[in-house]
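**Q** Mind looking over this structure? Questions follow.
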Amino acid sequence: MKQTGPYISKNGADKSGFKNLAATHWNYRPAALYEEAIRRGEGHVAANGPFVVKTGVHTGRSAKDKFIVRDASTEKTVWWDNNKSMTPEAFDLLHADMLKHAEGKELFIQDLFGGADQTHRLATRIYTEYAWHSLFIQNLLIEPKPEELGSFDPQFTIIDLPSFEADPEKYGVRTGTVIACNFAKRIVLIAGTSYAGEIKKSVFSMLNYELPPKRVMPMHCSANVGEEGDTAIFFGLSGTGKTTLSAVATRTLIGDDEHGWSENGVFNFEGGCYAKMIKLSAEAEPEIYAVTRRFGTVLENVVMDENTRELDLDSAALAENSRGAYPLSFIPNASATGRAPHPKNIIMLTADAFSVLPPVARLTPSQAMYHFLSGYTAKVAGTEKGVTEPEATFSTCFGAPFMSRHPTEYGNLLRDLIAQHKVSCWLVNTGWTGGVYGTGNRMPIKATRALLAAALDGSLNNVEFRTDPNFGFEVPVDVPGVDNKILNPRETWADKAAYDAQAQKLVKMFIENFAKFEAHVDPDVRAAAPAAARAAE
């Protein structure tokens, strides 16, 4: 078998069960991966240098096709209400058939780390069928030092073969697409999808499973740190402003998506970013826009003019979920270490399209756990579907699809860390004010930034607060530089009775969603439920 590449590991592909491969390409650098991807017709080079690819029918994660092997080690540790199970026998059969499918093929191999904290990092080997997938994951994870690569010994293996179509009847899966996680063997198999985000999230799923027993909190969040070492964590679902609000010139960006919180502080799981590209502009997000004009960036499903090779970031012709994968080093004020001290502030972002929640609220540790387990935001349906009513979304831990263990395991760990390090917790609504979506207006970004700045510099703790009658958390009454009217959402509605009705509707949604956690949390967390609902009971 032919082996090429700058750093070929002594622990070869045969250790992972591969036989009769045509060639293995080890730890290729971006320029070489560009050449290989172009030679194979995998994509095109756009103007200014990024590599543009189409992922075909899969333009997002296939959440319904993800499985975890159910065995003696996972029977009582995995949250089976939220995760589909696969038998060990089905996994072994799928694994063997994928290894057989790889025979005669050329594979690209990257040896990388998941986690910037050396105590808790995961040495990960990724086998990919596509050269661009190899570039993608090199951009996203953390590259070892050259001296670490020759003897790299993987703790975790990902095998990514988009051309392998799974037989649902044979393997007990749903479609030809499958993401199969075997935590005991530390292997993930990805088949039947070209969407590269599955590779990145497989590492996150493994860390989400392995870290909590070590008292390390895995988090679906962005993070930044100020000059005084004051770290801030931003939890939030898609569309809440997690990436935008954490990327500010006055603070160093630790990362935009996945982090751990250990005894040593906060650390990025990754060495890159995977940002949405749709409608990206140089005016609104100059730092992210700049990476679309750089060699090394991978752009998924971004429309490109075939003649000029210029990008059309406004077009959703290929996908609404167009993405860019690039190294964190492409962002000017990004951390070189991916590490920061213990957080001083935790921000939980929500885009409340019901216009009930205030723009900012201060949370107790128990309230923080309640809202962390709730993971609330509201999606606004597309006009093409003719739906104008907002849709409430509750994604526990602000990342339910990636949570291998029961949410309360993460919630209890987070609450303990908040108490231990005396962290201030805030709920920030980046959604609507003055009425529901369609009637009210989007929360002014200027106001959100001013409130965040006050929270992070500590001055927000010194203003007068009132207790919200619906949710029981504390809301500032007067903040310098912010229109006081928007601080009280009820006052922004012309029809106060309509606000009260809408508030009770949202309160009821929270209560109904949290019912599944009631038996698993302490009385103080149950008591953090919306106040109006408790009074009505």
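Each Cβ is built from the backbone N, Cα and C atoms, and glycine gets one as well.
According to Swiss-Prot, the protein carries these features:
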- R61, Y195, K201, R323: substrate binding site (BINDING)
- K201, H220, D257: Mn(2+) binding site (BINDING)
- K201, H220, G236, L237, S238, G239, T240, G241, K242, T243, T244, E285, R323, T448: ATP binding site (BINDING)
**Q** If I take the Cα of R61 (substrate binding site) as reference, which of the binding-site residues S238, K242, D257 has the closest Cα?
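**A** Given the candidates S238, K242, D257, the nearest one is S238.
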**Q** Other residues with Cβ within 8 Å of the Cβ centroid of R61, Y195, K201, R323 at the substrate site?
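**A** What remains near the Cβ centre is G60, A196, G197, E198, K200, Y274, N321.
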**Q** Return the maximum Cα to Cα distance in Å (whole number) over the record's ATP-binding residues: K201, H220, G236, L237, S238, G239, T240, G241, K242, T243, T244, E285, R323, T448.
**A** 29
**Q** So how many other Cβ atoms are close to K242 (ATP binding site), meaning within 10 Å of its Cβ?
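**A** By my count, 23.
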**Q** Tell me the Cβ contacts of R323 (substrate binding site) under 8 Å, same chain only and six or more apart in sequence, or just say none.
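**A** Long-range Cβ contacts: G197, Y274, A275, K276, M277, L299, E300, N301.
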**Q** Any idea which of the binding-site residues R61, K201, H220 has the thinnest Cβ neighbourhood at 10 Å?
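**A** If we count Cβ atoms within 10 Å for the binding-site residues R61, K201, H220, the smallest count is at R61.
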**Q** Among the binding-site residues S238, T240, T244, whose Cβ has the fewest other Cβ atoms within 10 Å?
**A** S238
**Q** Let me know how many other Cβ atoms fall within 10 Å of the Cβ of D257 (Mn(2+) binding site).
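**A** There are 24 such Cβ atoms around D257 (Mn(2+) binding site).
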**Q** Where does R323 (substrate binding site) sit by DSSP, helix, strand or coil?
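**A** The three-state answer is strand.
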